[in-house]
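Per TrEMBL, the features are as follows:
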- 21-42: transmembrane segment (TRANSMEM)
- 48-65: transmembrane segment (TRANSMEM)
- 97-115: transmembrane segment (TRANSMEM)
- 121-140: transmembrane segment (TRANSMEM)
- 152-169: transmembrane segment (TRANSMEM)
- 181-202: transmembrane segment (TRANSMEM)
- 251-272: transmembrane segment (TRANSMEM)
Amino acid sequence: MKGAALETDIWKIRVQLTKPVTWIPLIWGVACGAAASGNYVWNDPKDIAQLLACMMMSGPFLTGYTQTINDWYDRDIDAINEPYRPIPSGRISQQDVIIQIWALLLGGLGISYGLDVWAGHEFPIMLVLAVFGSFISYIYSAPPLKLKQSGWAGNYALGSSYIALPWWAGQALFGTLTPDVMVLTVAYSLAGLGIAIVNDFKSIEGDRQMGLQSLPVAFGVDTAKWICVSTIDVTQLGVAAYLYWGLGETTYAAVLLALILPQIFFQFKYFLPDPIANDVKYQASAQPFLVFGLLTTGLAIGHMNQVAAAAASSGAL
Ligand SMILES: C/C(=C\COP(=O)(O)OP(=O)(O)O)CCC[C@H](C)CCC[C@H](C)CCCC(C)C
């Protein structure tokens, strides 16, 4: 951080490169997927151990890999804008960064395959998801695609990787990942796109100078702020409608609706009047409601799966 004393311990620098705060959404997403499977038993030691291993794979390993590779490919820009970061400040050697990237990637892939074996999967779905996620991470940061340079593609990659991918991992580990849930979570990721746009308001000038087409740069602040809140709200309202009318999960739909209303309140209180000054205040106030909405949806799908399994087994008797 600017002005703060710079860390010199190599292990603390390594952890700093992985940005631990960014592991949290992935870890949460895995829990939502486990809930959605309908099979996760909260006090079963084996389930707990598998869940923790899956969270470890998604958070410290694969998100850690993502963040390290992102800082690696941004090292020249960071040398100008944020020279105090670990790589441009020279506090970690380039060779050590490369070793860290490979160690986290191979560690994450190794855990994913271990989970496939442990869960007795015939098809290595966890490994496939981990390879796919790592590929998205790579093209997000690395040239020639460098998705982060494009407002829509970069933010959607971010939103879907934080919402859909870890959910899929949690659900595939404990149950079956079905096409309807894949479509639902890919759609839910549009809310993640909206959340990612919120973060773009703080860096409009820098992005413009660097030629990054973030949505506030491309459309201007006023249009971008409405695109942002519309994607967040319409997506979640759509999911609530699907829970209510599509799945008949009326209680969960009502809870989700109750969690959307405070987000709209905070949009009008903080974000819409001044998205540049109030972006952090808005995220801090509204995001907890969004993430609990995600869990509510996972629980609703899990409940539906349990009811379907009970009906199937009573029909088989
Ligand atoms: C690197 C990321 C965000 C930082 O972007 P930015 O450069 O704008 O920010 P800084 O200036 O602060 O550095 C996150 C990118 C996420 C990526 C698109 C995909 C993540 C994939 C998952 C980690 C994979 C998980 C797979 C698993 C659950 C099976």
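Placement of Cβ uses the backbone N, Cα and C atoms for every residue, glycine included.
TrEMBL labels come from automatic prediction, so no person has curated them.
Note on the transmembrane segment (121-140): residues 54, 57, 62, 65-66, 69-70, 105, 108-109, 111-113, 115, 146-148, 154, 157-158, 161, 165, 168-169, 172-173, 177 of its chain, located 6 or more positions outside it, place their CB under 8 angstroms from a CB of the stretch. For the transmembrane segment (152-169), the partner stretch with the highest count of Cβ pairs under 8 angstroms, out of 48-65, 97-115, 251-272, is 48-65. A Cβ distance under 8 Å defines the sequence-distant neighbours of the transmembrane segment (251-272), meaning residues of its chain 6+ beyond its ends; these are 198, 225-226, 228-229, 232-233, 236-237, 239-241, 243-244, 278-279, 281-282, 285-286, 289-290, 292-293, 296-297, 299-300, 303.
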